[in-house]
Amino acid sequence: MQVPAGTFRSAVRQSTAQFSRWSTCQFQQPQQHIHAKHSRAVTKGSHKAFMPVQSSRWYSSHSHKADEAIKNARNIGIIAHIDAGKTTTTERMLHYAGFTRRIGDVDSGDTIMDYMKQERERGITITSAAITFGWKDHRINLIDTPGHVDFTIEVERSIRVLDGAVTILDAVAGVEAQTETVWQQAARQGIPRIAFVNKMDRAGAGFGRTVREMRTRLGCRPVVLQIPLMESLQGTNDTQFNGVVDVLTMEVLRWDSDSKGAKLVRLPLDSTYPDQEVYQEAVKARVALVEQISALDENIIELFLTLEDHMAIEAKDLQAAIRRLTLSSTIVPVLCGASFRNIGVQPLMDSVVDYLPSPEERPAALGRMTDGKTVEIGSGGPKERLCALAFKVVHDARRGPMVFVRVYAGQLNERAQLWNSSTHTKERANKLLQMYAMDVEEIPHITKGNIGVVLGLKDTRTGDTLLDAHDPRKGLALSGIKVPSPVFFASIEPMSTSDEKPVEEAIKALIREDPSLGMRVDEETGQTLLGGMGELHLEVAKERLVSDFKVKAEMGRMRISFKETMRGAGVVSEVPAWEYDREILGKRGRAKVGVTVERLEKFEDQGEENSPESSNSSSMIESRKKNKKGSTDANLHMGPEEYDGNEIIVSLAEQSPSTDEAGALVAAEKAAASGIVIPTGSTDLPIPVLRTSIKNGILSALSRGPLLGYAQTHLKVRLTDLHLFGGESTPAAISNCVAAAVTEAIRLGGNPSTGDSENNSVLLEPIMDVRVEVAEKDVGTVIGDISGTRRGRVLSLGQDDDSATHQDEDEIEFQLYAPPDSTYTGSGSANSPGGSSSSTSAVGTMSDRRSIRAQVPLSSMLGYDAALRALTGGTGKFAMEVIGYGEMDFDRQRDLIKEMRGG
């Protein structure tokens, strides 16, 4: 009998994992560890058993008890600024868990998580990679995310489905600009986090400084669970990072370099320890920890009042309190280490198990029905129907689209029929896979709370909700995923006519995989334009088109993606009656509509395209509730829907059953007074079809502006009248009529006397939130460059006002502890004159480096990296992200139009 190839590969992988575990790790009986003063002493030099008894790969199909599997599952993400050590830390996790025999190296390009060719060439993470492994009888579903701002969509959609996150910080750089961005992304989803201060072995590392910056710049309550063990080098005044001090158990942790960190030695830390400075600082840290937790947890304050000794409270009691406070996002546990030197990774993995939540400990997911009602998902027990969210799509040449899903309720089975409530289409799950970065394992089902991959889904995209095909709740939708709009674009030119179709199909597949990319066709030149979040983003996209999709194409010069809108906030332009009457291929199409277009007052972030989480979600629900009264199922009284920053209002009702035309007109006038349109004339088309046709016409008109053909934004479009002509009023005729009417209203711009598009419309340019970190001596030069040459507006310098306010209000109940920094020599160091002390003193920031925050047009930031290096002698750093769009001044708009049109 022939053994299936998949079974053979699985057996080989499991055998390799078993060999890996026994060849690199020592397993010993675990020991009870609490403070040596109140328990039996820990044997000096003993090896602690951090490894689980069984560390083979975990599959959903191997779960014997669903409740137990959920309880012991952790869905976590690794988030950080670029080059903080995310992938390096993940590779160590996989090695110590027995998943790999050797540790991958980013510089060598042989890591498990960075498997794409583009990632290995550049040494950075470009796409988020998922992997599942076991640790201490727990299943850990881990997603390693990129740190580069161009790939922020990868972080956004990963955090959407995770239950917890590990934030990695560079001990030398501290809290960096992209650290703040990913921190805010996690905060928006209410994700509990733990922090790992990495690179403690580097010169200039500052653990205490980084903890203080977490307080001031991230606005959180950092609680130090470990302090670095810095020991003097013999014969010098320098110090070296050799391990960590566990404040909970009062032990010194050292790693064996010969075993690549697999062997860990725990030594008791008490008054007999040779280095009394280490002991005294650990006592300060333990006292601060107990006081911090006591101020926030009633159980610990009761224990403290009973024992009256900070050192007498057992580690297990503190761990339970820390877990409660972390799950509620009240505190952020802070650990330290040096992943590249294999120090500190196992305690970090323990903290993932000990302090981050299981899926059942997170609040129930919320779904929205078509009538606006909100329902809880996943709280109905084991018999609840399937509900899953597609959060990522990957194109595979052999397997086709691979859709990553998180199951929130029920169980997703192989060959199951599914209903996509976002696209209203049926799908079939042909195969289910468990992902191990680029490797896969076929599984029979994905249980509640877990993450897996589905093959065979044809129409499912990022943010779609998947239900059981027999579920009566056809309109149930989970909250979507925020997708930013592209801010750069470049032309994609096929090498020959025969390459046009393959290039178009490849771009569509790439956009399905990465929704932050965009494509449009310039009607004047016929060029295909590919939009993205930055130069690196488009460069990688072009490389993938050539290498992964095997198409022949060239990319043109990079340009900024502008937008258009009507000039003047609050301007209303109305076309009360626009008739479309045209014959196409011998068939007559006819319709008559009325529309109004209004310029919205303020510009906001344009990044929530078609997302159910948009800022108008509540108003949509309220509007639907108001309009629901007295309506029938055939009527669609919809509130505003948001599309790329535009509001579309199409409220339709069926014609009243009146015996004469006069009665119908009266009914239509009454409906119009309440914002509802009753179609006049005659038609056999149902209301939902009419509404879809109207919406398509509006979106068609908004996709191209009158100035340079850029997409239009921040307009409110409302249907005011609809007259139909029986069979001649086809859906295509209605869409064309509406598109022409909206285009005319925008051209008029509320000023019928001119109808000049260049005077009535305005170009909008992307505005960037820029954060620059420079030395004190360079602040004046950099600010002058931003506010002068680059037309920017400086918002703050140094400490963020919001963080300061938060700190003042919270300082009464939470006193920060940050140990001294023996390796950091800046004036913000606790060891330097005027530096912060190691105890609960006021929070300070680095005084030798300043953080500048400004809003600057994107067009002025091109080439800023090189300019900043020149201004600061190579010491300045910056990061930026799109926050919205701003109006371009008239002279600059005129020059840009002349340049683009070649005039």
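Each residue, glycine too, has its Cβ placed from N, Cα and C.
Automated prediction, rather than curation, is the source of TrEMBL annotations.
Residues or ranges marked as domain 'Tr-type G' in TrEMBL: 71-360. On the 0 to 100 pLDDT scale, the model's mean across the domain 'Tr-type G' (71-360) is 90.
Here TrEMBL flags 80-87, 144-148, 198-201 as GTP binding site.
Per TrEMBL, region 'Disordered' is recorded for 603-641 (among others).
Feature annotation from TrEMBL assigns compositional bias 'Low complexity' to 612-621 (among others).
What TrEMBL lists as region 'Disordered' is 818-849 (among others).
Per TrEMBL, the feature compositional bias 'Low complexity' maps to 825-846 (among others).
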* Structure fact -> The sparsest Cβ environment within 10 Å, among the binding-site residues ALA80, MET200, is found at MET200
* Asked: On a count of neighbouring CB atoms within 10 A, which of the binding-site residues LYS86, HIS148 is highest?
  -> LYS86
* binding-site residues compared (ASP83, THR145) - the one with the fewest other Cβ atoms within 10 Å -> ASP83
